[in-house]
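One structure is given here, and the rest of the page talks about it.
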There are 2 protein chains.
Amino acid sequence: MKLTILGCYAATPRTLTNPTSQVLELKNQMFLIDCGEGTQVQLRKHKIKFSRINHIFISHLHGDHFFGLPGLISTFRLLGRKKEMHIYGPKGIKEAITLLLKLGDSWTNYPLYFHELTSKESELVYEDDKVSVKTIPLHHRVYTNGFLFSEKPGERKLDINAVTSYGIDTAYFQNIKNGHDVVLDNGEILENKLLSFDPPKPKSYAFCSDTAHKPDIVPIISGVDVLYHEATFLESQADLAVKTKHSTAREAALIAKEAKVGTLVLGHYSTRYKSISLFKEEAQRIFDKVELADDGKCFEF
Amino acid sequence: MKLTILGCYAATPRTLTNPTSQVLELKNQMFLIDCGEGTQVQLRKHKIKFSRINHIFISHLHGDHFFGLPGLISTFRLLGRKKEMHIYGPKGIKEAITLLLKLGDSWTNYPLYFHELTSKESELVYEDDKVSVKTIPLHHRVYTNGFLFSEKPGERKLDINAVTSYGIDTAYFQNIKNGHDVVLDNGEILENKLLSFDPPKPKSYAFCSDTAHKPDIVPIISGVDVLYHEATFLESQADLAVKTKHSTAREAALIAKEAKVGTLVLGHYSTRYKSISLFKEEAQRIFDKVELADDGKCFEF
């Protein structure tokens with residue numbers, strides 16, 4: 001699981017900071033999450049292969065999470081894309097993008113599908129044989145979802161020594177990988193656990209931005225390996241966090257602790273702070289395993 | 001007259017090149033012309049005071065001239081702008097921007113006026129006591145206008161030696177600056193040209209992008225001091241220029257020559273070319289005074 005932060009600062013793009021966008025690589029799929037202005041330049045800068053992106057998830061329709069999308073969609077056209085592109089985001093996203101394409105008489109030459117979200121409950125929005133994506137309803141000034149990316153459990157690993165010593169025919173191997181026991185010709189049952197190892201634990205990533213402190217997301221994200229949670233403010237500006245429906249670093253850490261996540265990654269820092277290290281210090285008073293997102297930073301989990 | 005090129009490359013933003021946007025300073029006004037994605041970052045990078053921009057002119061609604069506008073409008077809100085902002089652009093621009101603001105529940109806290117253009121004839125779209133702006137109808141794949149910025153003639157300069165030697169009362173000075181003759185008490189008429197100098201020649205700037213070769217703009221831009229004309233292709237790709245309704249460097253130079261402009265500034269280069277110096281060479285075979293726009297370049301005329 002590889003996470004590349006293209007941008008993780010609040011509000012508007014600046015010379016040295018970018019608004020929210022990140023790329024999650026999971027089971028050879030590449031998911032783009034949010035798309036602030038300038039995302040396509042960040043993708044180029046970090047040498048991410050545009051063509052591998054087939055699914056884009058947009059948390060909400062504030063400009064700093066969304067205004068890079070029209071340009072990215074247009075660029076895919078210029079690059080001669082033929083593959084389907086799927087966009088997941090709040091209702092209204094289809095109208096906005098199609099209006100912009102219509103005004104520029106610039107329809108895509110590839111199929112563009114919009115999956116508009118309206119539910120206030122967590123729902124499954126994407127699924128293939130290896131990965132599923134569910135929404136995480138958040139609480140912000142406009143309708144907002146986080147996204148939970150979960151690997152599905154993989155096949156069990158064959159214990160080659162065991163199957164050889166029992167003299168099991170290769171015809172049974174797939175069944176064993178699928179978790180089934182083996183019935184020998186003499187009627188003896190060999191339990192699966194004698195013949196295979198557990199698959200690696202499926203990994204999971206929860207993206208939660210933007211949101212006020214919302215403890216009722218805890219059951220949805222419980223036990224995820226990595227939680228990216230916004231921390232726009234420090235506790236000293238808690239009043240601003242309440243007013244603007246954002247979180248403080250402390251609040252992000254409280255969520256991480258309650259949900260017993262593996263690692264908390266902080267981001268969406270207000271640009272008022274000179275150093276982001278204060279966010280880590282504040283969060284670590286509550287929860288130990290804290291990482292700071294920063295533009296261009298790449299995490300492997 | 002000062003022209004800052006924020007971006008002058010065709011198509012999409014890349015790590016080192018930006019789509020079209022430029023700032024024209026004329027008579028202490030600051031006009032923003034086109035607004036490709038990333039314009040707000042370019043404005044910051046070149047330390048241009050956002051707050052001095054009150055009028056934004058959009059040539060057409062292709063993304064590389066327009067997708068930076070929603071973000072810029074939002075940023076003005078975040079910066080606490082109170083002053084009016086006027087946007088001039090093709091019909092549809094108001095619907096697009098207002099939809100994006102509505103979806104983000106992010107109405108501006110400053111008055112935002114749209115001046116939507118539909119005419120296929122040149123028309124006056126802006127005027128104050130020192131400057132006027134007219135459209136230059138262009139020929140592109142969608143409805144497109146260039147813009148002609150013209151200083152109005154200033155007051156005549158008082159010839160202090162002359163008015164002193166004739167003993168003319170200061171009460172007459174404004175009349176003289178306005179071009180009137182002076183009638184002395186004895187009935188003698190002093191012609192204005194004896195008492196004043198011509199004002200500096202008013203300056204003018206024509207922005208023409210994007211457009212196919214369109215010689216019928218020549219009467220509109222005739223004699224301008226500076227013509228920015230797109231040159232997306234070299235003559236060797238003239239077929240592509242025809243197909244995409246763009247111009248070659250040679251065609252831009254033909255327009256400059258016919259219109260007897262002072263200086264031709266080329267821009268909107270296709271990113272297929274390794275060096276933009278070829279554009280200058282090609283244009284200079286037709287017209288001598290050629291400059292190459294480049295991102296971040298600043299011209300004073």
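Backbone N, Cα and C atoms are what each Cβ position is placed from, and that goes for glycine too.
Please treat TrEMBL annotations as automatic predictions, because they have not gone through curation.
For reference, TrEMBL has these:
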type	residues	note
BINDING	A:His60, A:His62, A:His140, A:Asp210	Zn(2+) 1 binding site
BINDING	A:Asp64, A:His65, A:Asp210, A:His268	Zn(2+) 2 binding site
ACT_SITE	A:Asp64	active site, proton acceptor
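In sequence order, the binding-site residues near chain B (CB to CB under 8 A) are A:His62, out of A:His62, A:His65, A:His140, A:Asp210, A:His268. Among the binding-site residues A:His60, A:His62, A:His140, A:Asp210, the ones whose Cα is located within 10 Å of the Cα of A:His268 (Zn(2+) 2 binding site) are A:Asp210.
If you take the Cα of A:Asp64 (Zn(2+) 2 binding site) and the Cα of A:His140 (Zn(2+) 1 binding site), they are about 14 angstrom apart, rounded to a whole number. The Cβ of A:His65 (Zn(2+) 2 binding site) lies under 8 Å from the Cβ of A:Pro19, A:Thr20, A:Ser21, A:Asp34, A:Cys35, A:Gly36, A:Ile58, A:Ser59, A:Ser209, A:Asp210, each of which sits 6+ residues away along the same chain. Take the mean position of the Cβ atoms of A:Asp64, A:His65, A:Asp210, A:His268, the recorded Zn(2+) 2 site; other residues of that chain with a Cβ within 8 Å of it are A:Ala10, A:Pro19, A:Thr20, A:Asp34, A:Gly36, A:Ser59, A:His60, A:His62, A:Ser209, A:Glu230. Counting only same-chain residues at least 6 apart in sequence, those with a Cβ under 8 Å from the Cβ of A:His60 (Zn(2+) 1 binding site) are A:Phe66, A:Gly89, A:Pro90, A:Leu138, A:His140, A:Val142, A:Tyr143, A:Thr144, A:Asn145, A:Asp210. With the fewest other Cβ atoms inside 10 Å of its Cβ, the least crowded of the binding-site residues A:His62, A:His140, A:His268 in this structure is A:His140.
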